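J.: Sharing the feature lines straight out of TrEMBL:
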- A:103-295: domain 'ABC transmembrane type-1' (DOMAIN)
- A:1-30: region 'Disordered' (REGION)
- A:35-61: transmembrane segment (TRANSMEM)
- A:107-129: transmembrane segment (TRANSMEM)
- A:138-162: transmembrane segment (TRANSMEM)
- A:168-188: transmembrane segment (TRANSMEM)
- A:222-242: transmembrane segment (TRANSMEM)
- A:273-294: transmembrane segment (TRANSMEM)
Amino acid sequence: MVTTEAPARPGTRPPRASVSAPGARAPRTPRPGGVAGAVLVNAALVVASVYFLLPIAWVLIAATKSPGDLYSTFGLWFSDSPQAWENLVALFTQDGGAFSIWILNSILYSGVGALVATVISAGAGYAFAKYDFPAKEALFWTILGGVLVPATVIALPLYFLLNAVGLTGSYWSVLLPCMVSPFGVYLARIHANASVPDEVIEAARIDGAGDLRIFGSIATRMMTPAIVTIFLFQFVTIWNNYLLPLVMLNDPKRFPITLGLTLWNSQTQRDPAFTTLVVTGSAVSVILLVVLMVSLQRFWKADLTAGATKG
Amino acid sequence: MTASTLTPVRRSRSRPPAALWVLLVPFLVMFALFFVAPIVFAVVDSLFAQKSSGLGLTAPTREFVFMDNYVAALSSPAFLASLGRLVAFSAIEVPLMVVTALALALLLGAAAARFPRLFRVTYFMPYGVPGVIAALLWGFLYIPATSPVLQLLGAVGIHANPLSSDAVLFAIANIALWGFAGYNMLILIAALDAIPSDLYEAARLDGAGEWRVIWHIKLPLIRPSIVLITLFTIIGTLQLFVEPLVLRPLTTAISSDYTPNLAAYNQAFTQGNPNLAAAMAVIVALLAFAFSALFLRIVNRKGNRAW
């Protein structure tokens with residue numbers, strides 16, 4: 001975490017961190033049973049991480065095995081003749097390099113979709129937080145109701161709608177629907193309420209700044225943690241999406257990774273070599289996302305507006 | 001922008017400025033096109049049917065049949081069975097998910113927890129694994145030929161088959177739990193982090209132990225977030241589609257209309273009956289609304305604070 005704010009804002013600081021924070025009270029004396037409790041807590045944490053890491057460890061190990069070894073060696077240890085490189089070469093050369101195209105497509109869908117979704121939901125959320133207009137609450141609750149609508153209810157009719165205007169099968173058929181994030185509007189509204197004080201807006205107005213400029217250069221800066229959160233969650237949501245591309249796309253050149261891997265998976269019964277491709281492809285895509293999530297982890301909690309509200 | 005500097009303070013309270021529309025309209029247009037329109041389309045479409053003449057020589061005509069598609073869906077034993085399966089799945093998955101996410105969040109918040117940030121990112125990692133890939137991976141872990149877990153269990157004489165018809169619903173629930181528990185945990189951790197630490201200090205000065213702090217401070221204060229993740233999990237479970245689709249080739253326990261969404265997908269794309277599919281999708285949406293409303297009613301009932 002990169003918070004650097006003074007300890008004057010207890011609400012934003014995780015309670016466990018405050019124990020050792022400067023200015024905190026002296027560490028409390030351990031109670032009887034504290035040691036056993038500590039062992040239990042940490043044992044539970046370790047057991048939980050074994051559970052969450054199990055499939056990831058399995059696929060990373062399995063990706064180094066030949067098709068034969070996949071079934072004949074113990075799943076959580078390497079075989080005597082690892083062939084990770086051969087598997088990777090096969091993965092990236094199969095079907096004319098289809099896998100690389102799927103990765104790029106996934107990045108395109110998730111990156112562009114999440115970017116646009118973030119911009120328009122941040123604007124809308126800010127508008128809901130800071131302006132009064134007719135039917136505001138009714139409109140907001142309608143949008144919020146959108147969070148409750150199962151995605152499948154949208155995807156099937158959307159196919160028939162986009163089919164009518166000839167968009168199905170195109171990049172747009174997946175990109176456009178991904179640019180709507182009702183949950184993003186909700187997050188942006190509560191964060192604009194909490195982190196953009198009316199006084200700052202009034203002061204900027206008195207200084208002659210226009211409303212759009214106030215939003216673009218002042219409010220968005222104060223809302224940065226919320227904006228990053230909206231982007232990340234929308235990115236992952238689109239990356240993980242399966243039904244929408246499944247319904248919309250039929251040309252494998254436009255598939256995202258999820259759809260591509262299931263395409264190969266459906267061919268494993270015809271040709272067992274595809275099993276290795278699916279396993280290696282899964283491993284590569286898991287690594288991609290794990291790298292993304294771990295490297296961006298600090299942004300989820302980074303309190304970048306700390307201090308901005310105090311001036 | 002015509003920034004009128006004469007009445008800067010009152011502007012937000014009187015006539016909405018033009019900037020409001022610049023901020024609001026892009027989202028509203030997209031929301032209307034890709035969210036509202038499909039729902040309206042589905043509802044309208046579910047009231048019609050394609051009627052072809054007996055020989056199929058002329059193009060089929062679209063006829064208003066009102067509730068016929070709903071009657072057809074709800075009188076189909078297979079569809080009713082899939083609805084029942086979905087309710088059973090929700091009954092397994094929702095409590096499992098909420099309790100797990102809550103336990104993880106509280107464990108990570110415990111003073112004794114070592115390396116909380118490392119564990120937090122570990123639990124959250126599966127959220128980045130697409131549901132399809134998660135289902136593929138767990139599929140390998142559910143088959144004795146490739147599963148180290150089943151092999152180890154087999155070595156001590158326990159022969160489990162997660163893909164048998166008795167267990168497969170739990171096997172699917174496990175995949176969803178694995179993927180989303182960390183995400184829900186993160187929402188709860190954010191709520192826990194927002195609790196002012198003076199409250200803990202005060203409670204501890206009064207001699208309250210860790211359990212009492214959890215019971216009397218943490219749980220009541222993060223109640224809205226618990227309600228939120230429960231709601232999301234209810235909606236999520238009713239969308240069940242990907243996991244059974246991926247596991248289907250591995251077991252005979254999963255039929256082509258195992259869940260309502262699978263049934264609707266098949267009706268739309270393999271049976272060529274989009275109208276019936278629309279009716280099925282609307283039924284799932286109504287079910288989601290009914291469950292959400294029921295849940296909110298129960299938690300918001302006056303005096304229902306007995307945690």
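Cβ coordinates come from backbone N, Cα and C, glycine included.
A TrEMBL annotation is a machine prediction, not a hand-curated record.
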J.: Apart from its near flanks, which chain residues at least 6 from the ends of the transmembrane segment (A:107-129) lie with a Cβ under 8 angstroms of it?
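T.: Non-local partners: 136, 140, 143, 171, 174-175, 178-182, 184-193, 196, 215, 219-220, 223, 226-227, 230-232, 234-236, 238-239, 241, 245, 256.
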J.: Is the transmembrane segment (A:35-61) in contact with the transmembrane segment (A:138-162), using at least 3 Cβ pairs under 8 Å (sequence separation of 6 or more) as the test?
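T.: No, since the transmembrane segment (A:138-162) and the transmembrane segment (A:35-61) share fewer than 3 Cβ pairs closer than 8 Å, they do not count as touching.
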J.: Cβ pairs under 8 Å with the transmembrane segment (A:222-242): which stretch of A:35-61, A:168-188, A:273-294 has the most?
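T.: Looking only at A:35-61, A:168-188, A:273-294, the most contacts with the transmembrane segment (A:222-242) come from A:168-188.
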J.: Which sequence-distant residues neighbour the transmembrane segment (A:273-294)? Criterion: at least 6 residues beyond either end, Cβ under 8 Å.
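T.: Result: 56, 59-60, 62-63, 65-67, 70, 87-88, 90-91, 94, 99, 103, 106, 236, 239, 257, 260-261, 264-265, 267.
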